[in-house]
Amino acid sequence: MSTYSFPSILCSALFSSLLHCMLNDEVASLAAEAEKKRAEDRTEREKLALLGKPRCGDITRAQIRIKESKEFKNTVDKLVQRANASLLIGTSSWKEQFIEALTVSSSNEEEEKVPSCCDYFLHSITLFWKILFAFVPPTDIAKGYLCFVISILGIGVVTAVIGDVASHFGATLGIEDSVTAIMFVALGTSIPDTFASKVAATQDKHADASIGNVTGSNAVNVFLGIGVAWSIAAIYHDVHGNIFRVNPGNLAFSVTIFCSEAAITIVVLLLRRTRFVGGELGGPTCIKYITSAFLFSLWIFYLVMSTLEVYHVIHGF
């Protein structure tokens, strides 16, 4: 048996590669020279060199179709969801949505963690809503547009139900309508906006989307919720020869307090943009808790003052 050392094997391989490149260059140059000659003047070697030259066939076009693999997409979605839980991952089928709605998942991102008692308790409370919104079409249908439209309609229905339940709850307890409106109805209709702002705050690099959602939702409530409704009512009464009148009640007092606290909140946001805090949201832990407690106290103050004015404990405008 013959044995070869590693240097000899390496030299042999390098020599073979060099010889192969030299032969290829020689054949290529020979074929280039043969193309310049007439067919009858070419030698046999030149003809062989031309036969080895690559040529395009009759088919010069190709059509490529890329088809999405649902199994691969689901696998990638699960991997991305484990890597970053703040990303919103779409679904491919109703089956996947119902399985996700009925499954108790741990609040911890690690898959090995067993759901806690708190997870089971929260799942039992939200099970009805999870199953209800599992009927929303998956994002793969109609490029997600159908899911968007149905979701908006579903949020509107849920908001209307919460508002009606809050109104009946206040009427059952004998609470004034204006107090029910600013406390229970407003709280019920603002819960979806709160979660939307939270999602926007966690997913966006800046605070623009989160704070913009707050101002935008209030603009929709004021300009569309009140403006459109009152415009339709005014047109209806005018057609029937009546005058549409709205009793302001304690609206002037409540709006004055609200505008004053809104100005204070804007000042707080501007102060938080200093270098010490760094932005409207987040910042040092102590500053975050102080800001949250202060803004929450503004809301409590607004409720207390408006309620006292409704029950004539204090005199308004």
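Yeah, the Cβs are placed from backbone N, Cα and C, and that goes for glycine too.
According to TrEMBL, the feature domain 'Sodium/calcium exchanger membrane region' maps to 144-307.
Annotation source TrEMBL lists signal peptide at 1-21.
Among the features that TrEMBL reports, transmembrane segment is placed at 145-166 (among others).
TrEMBL lists 178-197 (among others) with the feature transmembrane segment.
Marked as transmembrane segment by TrEMBL: 218-239 (among others).
With a threshold of 8 Å between CB atoms, the same-chain residues lying at least 6 positions outside the transmembrane segment (251-271) that come near it are 178, 182, 211, 277, 280, 291, 294-295, 298, 301-302, 305-306, 309, 316-317. Residues or ranges marked as transmembrane segment in TrEMBL: 251-271 (among others).
Here TrEMBL flags 292-314 (among others) as transmembrane segment. Beyond the ends of the transmembrane segment (292-314), by six or more residues, the same chain brings 176, 178-179, 182-183, 249-250, 253-254, 257-258, 261, 264-265, 268 to within a C-beta distance below 8 angstroms of the stretch.
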